[in-house]
Amino acid sequence: MHFIMMKLFRVVKRGYYISYAILDNSTIIRLDEDPIKALMRYSENKEVLGDRVTGIDYQSLLKSFQINDIRITKPIDPPEVWGSGISYEMARERYSEENVAKILGKTIYEKVYDAVRPEIFFKATPNRCVGHGEAIAVRSDSEWTLPEPELAVVLDSNGKILGYTIMDDVSARDLEAENPLYLPQSKIYAGCCAFGPVIVTSDEIKNPYSLDITLKIVREGRVFFEGSVNTNKMRRKIEEQIQYLIRDNPIPDGTILTTGTAIVPGRDKGLKDEDIVEITISNIGTLITPVKKRRKIT
């Protein structure tokens, strides 16, 4: 079957993963193949393998996360997740407010913002990622962890964009501010990365540099923090980030690259147990995740 425009989502039913595609914003197909392969097939010839189904209430799943024995989850298992940082002017300014390392009088964030080479870092593996309605985590040894709402791209092994999604690059900012060499510990741990609820194909995003991104932190039923930005403020363009990611660095099909944040809540807005994080990106949707503080190991 040939269509234009596709949204891909996945559910768990009685322990089994089932992938679906919403085609032309109306028809729902149960996919006959791995969702990463389905994205690649669609990218090549707009073909989708699967059967039309009814009875899947996608909008209700988004609201309640689970209906009977069906629960929405992350749309794919990305073999690798990579991040790019300080790609917006606002991030450079906010990160540089902290007492962090300097090089020749400039903070490391100011230096990388002005440098030719962007910041690219390894972020997560599938077991460290969660999806819509699943809990992101605050490290047991962090007292200042922030959500980082970002537009992310799903890539094939050549760096071609297969689709777009919403990502939360959860970061233990106190660890990173203490010492830049602690960045991997700040960025990589169980529950450090959320994405979804869907992956939308490139034909649904006519211009990735005109998307509104909104972050809300809800605490005890009230909006505790809210911020927004448009991707037209992105200085490090996605194509440049991809080129540096794949330079001398082979990536597998289905790799996700998240493209940086411009919304950086202050030190007094750190996440707490039972907070709710909501990230909305126009033309994609809203990713909602509860927050859980990991227990210290004694």
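Backbone N, Cα and C atoms are what each Cβ position is placed from, and that goes for glycine too.
Owing to the predicted nature of the structure, the values given are computational and were not obtained by experimental measurement.
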From I70, I72, I76, I86, the one annotated by Swiss-Prot with K187, T261 for substrate:
I86
May I ask you to find which of D114, D169, D174 Swiss-Prot records for the Mg(2+) site already listed with E148, E150?
D169
Go through the binding-site residues I86, K187, T261 and tell me which ones have a CA within 10 A of the CA of E148 (Mg(2+) binding site).
T261
In whole Å, how far does the CA atom of K187 (substrate binding site) lie from that of D169 (Mg(2+) binding site)?
8
Secondary-structure category, per DSSP, in which E148 (Mg(2+) binding site) falls
coil
C-alpha spacing of D169 (Mg(2+) binding site) relative to I86 (substrate binding site), in angstrom:
13
